[in-house]
Amino acid sequence: MKIHEYQGKELLRQFNVPVPNGIPAFSVDEAVKAAEKLGGPVWVVKAQIHAGGRGKGGGVKLAKSMDEVKRYASEILGMQLKTHQTGPEGQKVNRLLIEDGADIKKEYYFSIVTDRGTQKNVIMASSEGGMDIEEVAESHPEKIIKVFVDPMVGLTDADCDIIAKGIGVPEASIPMARDVFKNLYKTYWDTDASLVEINPLILEGNGKIKALDAKFNFDPNALFRHPEIVAYRDIDEEDAAEIEASKFDLTYISLDGNIGCLVNGAGLAMATMDAIKLFGGEPANFLDVGGGATAEKVTEAFKIMLKNKNVQAILVNIFGGIMRCDVIADGVVTACKVVNLTVPLVVRMKGTNEELGKKILADSGLPIISTDSMTEAATKVVAAVAKNK
C-alpha cells in the first residue's frame, strides 16, 4: 500500500524526522489559506499522487508570491499529471501539499528496502539526490552506497557514520545525520514498511538535515497491525481493476502490453511473462488466481483482464498441484461464454486431472488453442496477436 507525500511526512514527524512545515489542500482556496498560515515568503506547491517524477511532469512549482500560489494551485489541481511512473495516461491530481521553501545547500538520496535475498534491510544512499536513483545507478554506480542492516541488531552508529561519510555529509552535521538515519530506520521498522525513500534528503545552509520528500510502501500483510496507516489509503489513486480483483482474492497488476495472463502461483506467473517477452510479446497484466480457483473466480478474472482494451489475446497457464486442471477448464469454458470472448485464447495445463481438463476444452466447441509446453504456449499467443494486427 502506498500513501501520499504529506501523509508520509506526518508519519516522519511522529518519529522525530525533520521535515518542512506543510499543509495539504484540496482546493485553490485551501491552498491560498495554507500559504497564508505558513507565512512564506517562499512556498512550494506540490501535486500529491502515488508516483514519482512529479517535478519533471510540472507537478511541483516554487511560488514567491500569493498570486503565484493561487496560479500554480489552479494549474496543478485537476491536471492529468504524466510521469515515468504513471504511464502515458497520467494520474489526476486531487490534492496538493503547500510547503515552506527550503534553504538547500546539498541534496542526498536515502532509502530503506527489504532485501529478501540476504534476509536483511538494505539502506541505499547517494550524494546524487534529487535525481532518479535508476539514472544514478546507470551513469554513476560508484556514487551509491549500500549498508545491510541485520534486523536482529538494528541500525548502529557505525552504520550511520559509514552512510554519512560515504555521501559526503559535512563533519559538523554527522551527529544530526546519525539521528535522522536512526529515526528513519525506526519509522520503517515500526510501521512495517517495505520501502521508505527520501529523495531528496537535504543539508540546509544552517547545517541541519531535513527530509524534503517522503515515499512509503507498506507490507499489505501487516496492515492489520496498523489501522492508522490503513486510514491513509486513497482508493482514487489505485488501479480500479486491482481493487476489483482483490474482492475475489485475485492478485492483479496492470501492465502496458497486449497479452492477458491468467496463472496460478506468483512464480509461474513471472515465468510466463518472461516467456511471452522472450518470444516478442508484451504481457498486459500479472494475474495470480491462487490455489483455490473456482469457475466464478476464473470468470471474474477474464472480466477484469478484458476491461483493458489493449488486450488482444489471453494466455492461461496452469500447474495442477492442489489445483485441479478440470476445475480450471470448466472455469475457462464458463468464462468464455459469459464474457463472449472474441480474442484468441491459448491454454496450457499440466498436473492433476490434466487429460480431463484438456477433454473439457476440446469438447466445448470453443476455438481454444491447447498446448503442452510453456514455450509452445508463449509462441502461439504471440503469433495470435501478430496475426490479428
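The backbone N, Cα and C atoms fix where each Cβ goes, and this holds for glycine too.
As annotated by Swiss-Prot, ATP binding site applies to Lys46, Gly53, Arg54, Gly55, Glu99, Ala102, Glu107, with the evidence given as sequence analysis. DSSP gives Gly55 (ATP binding site) a coil state; it is part of no helix or strand. Around Gly55 (ATP binding site), taking its Cβ as the centre, 15 other Cβ atoms fall within 10 Å, counting all chains.
The feature Mg(2+) binding site is assigned by Swiss-Prot to Asn199, Asp213. Around the Cβ of Asp213 (Mg(2+) binding site), 22 further Cβ atoms fall within 10 Å across all displayed protein chains.
Around the Cβ of Asn264 (substrate binding site), a 10 Å sphere holds 23 further Cβ atoms from the protein chains shown. Annotation comment: Swiss-Prot describes Asn264, Gly321, Ile322, Met323 as substrate binding site.
The annotation domain 'ATP-grasp' is assigned in Swiss-Prot to 9-244 on the grounds of sequence analysis.
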Express in Å, rounded to the nearest integer, the largest CA to CA distance found among the substrate-binding residues Asn264, Gly321, Ile322, Met323 named in the record.
10
Determine, to the nearest whole angstrom, how far the Cα atom of Gly55 (ATP binding site) is from the Cα atom of Asp213 (Mg(2+) binding site).
12
Of all the binding-site residues here, Lys46, Arg54, which one's CB has the most other CB atoms within 10 A?
Lys46
Measuring Cα to Cα, tell me the gap between Asn199 (Mg(2+) binding site) and Met323 (substrate binding site) in whole angstrom.
44
